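To start, the structure itself, in structure tokens.
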Amino acid sequence: MAAAPKEAVNTIALEEIHTEGQEPPKGQNTFTVEEAVETIGFGRFHIALFLIMGSTGVAEAMEIMLIAVVSPLIRCEWQLHDWQVALVTTMVFFGYMVFSIALGLLADRYGRWKILLLSFLWGAYFSLLTSFAPSYIWFVFLRTMVGGGVSGHAQGLIIKTEFLPTKYRGYMLPLSQVFWLAGSLLIIGLASVVNPTIGWRWLIRIASIPGIILILVFKFIPESARYNVSTGNTAAALATLRRIAKINRATMPEGVLQEPPKERRGRFKDLIHPKYLRTTLQIWIIWLGIAFAYYGVILASAELLERDLSCGSTAPLGEEDPGPASEESRSPCHCRPFGPSAYQTMIISTAGEIALNPVNILGINFLGRRLSLCITMGCTALFFLLLNICTSSAGMTGFLFMLRALVSANFNTIYIYTAEVYPTTMRALGMGTSGSLCRVGAMVAPFISQVLMSASFLGALCLFSSVCVVCAISAFTLPIETKGRALQVCI
């Protein structure tokens, strides 16, 4: 790794440099990409990088949150049972899970930028097709394909991570949550206007616009210099670093850019290498649990609002109006679209995702990634249980607000930790496989939030809470702390 003797690095690297017709003179100063990134520092390039790559979160949030705001409408249109509504979300994450591994492998071999562009093209295409779905089966299939495209958006985070200096990663990466929040609020706000007027199909078409716009601005962001140098393309990496230095009005390190030992990239067996085996297994557990809790909160919120299950209600659903609508609401295929108050509650609870961001940033940078994640996961478990307390609609909204804040903080921390703990030769694959396990949790969440919760509210909450406790323990016992650690190049 980076700590290997310099002589060994140079001996292996000379063969790589020779293939490009360049051999540094004896005694020539050399520098690595890591050293160049730290020397150039933070500047205008990184602000543009943050805005463009961060905006991928807007598109991703709109596509993922879309199901929560259209599920009542497709339930009405196609007279769906609970399990059929849950299956839609599950299949979206199934597509995400399958494509996440494949795109992670491809990104480590062919580049982060190319896979990010491909994923946006794929997602926008199938999202538009979804708006023309003639039946429930077609809707499920097309949304599964959208999930596959969305899985590649994680490459945007990897590109940001690989260009940011070490001391800025703990601050800038959590701030990316602002873009996810913006996307979530935007789709809820659009749904409140579009759904009652021109319908959910137009909502899907409008939701695909941010992704299409981003495709047009990706050309302003270069391929990761760390990736290029790991593949032996030193010239491209050097050109990128010089461009960044020029934009930032900074100086480059003196000497010749030195390549690391060239290794095969994107090998699954590297994830279970003895050095990373325990870390990988615990990261997979944490990702699965965090996604299970996160999407459990989102879908449980939608179910509570759709069915009016708040304990503070003055009467069970339908008692005030014993007419035909009541009979429909009691049927397995009950049809109850969101009203203005439901959208308002969703907006308030979603705004909670940014509430703990300042505290989360402080925890990540001062307590470290592991302890910070352990604390927020433990608090998430507690608030799941508090959701069972009989309270008013305002109280329920408050609990949902805090839960959204906590589950968002969990995601912030594990994203940063995973991107930092793996070396460049397997970073995209590490993120891809973690994202894949994450979607396993997301696939299970709908059946707990939309099916089990109808049968046993407390049972569902206890299950969510127990999983969060397991994740808290796994986070506390992670073997590597990445706070202040330079990004590793190879195993």
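Glycine too: its Cβ is placed from the backbone N, Cα and C atoms.
The annotation transmembrane segment is assigned in TrEMBL to 47-71 (among others).
Among the features that TrEMBL reports, domain 'Major facilitator superfamily (MFS) profile' is placed at 49-483.
Annotated transmembrane segment per TrEMBL: 83-106 (among others), in sequence order.
Residues or ranges marked as transmembrane segment in TrEMBL: 115-141 (among others). Within its own chain, the transmembrane segment (115-141) has Cβ neighbours under 8 Å at 56, 59, 63, 74, 78, 80, 84, 87-88, 91, 99, 103, 106-107, 148-153, 155-156, 159, 201-202, 204-205, 207-208, 211-212, 214-215, 218, 428, counting only residues six or more beyond its boundaries.
As annotated by TrEMBL, transmembrane segment applies to 178-195 (among others).
According to TrEMBL, the transmembrane segment annotation covers 281-300 (among others).
Residues annotated as transmembrane segment in TrEMBL: 455-478 (among others).
In this model, the domain 'Major facilitator superfamily (MFS) profile' (49-483) carries an average pLDDT of 82.
Of the Cβ pairs linking the transmembrane segment (178-195) with the transmembrane segment (47-71) and spaced 6 or more residues apart, 3 or more are under 8 Å, so the two regions touch.
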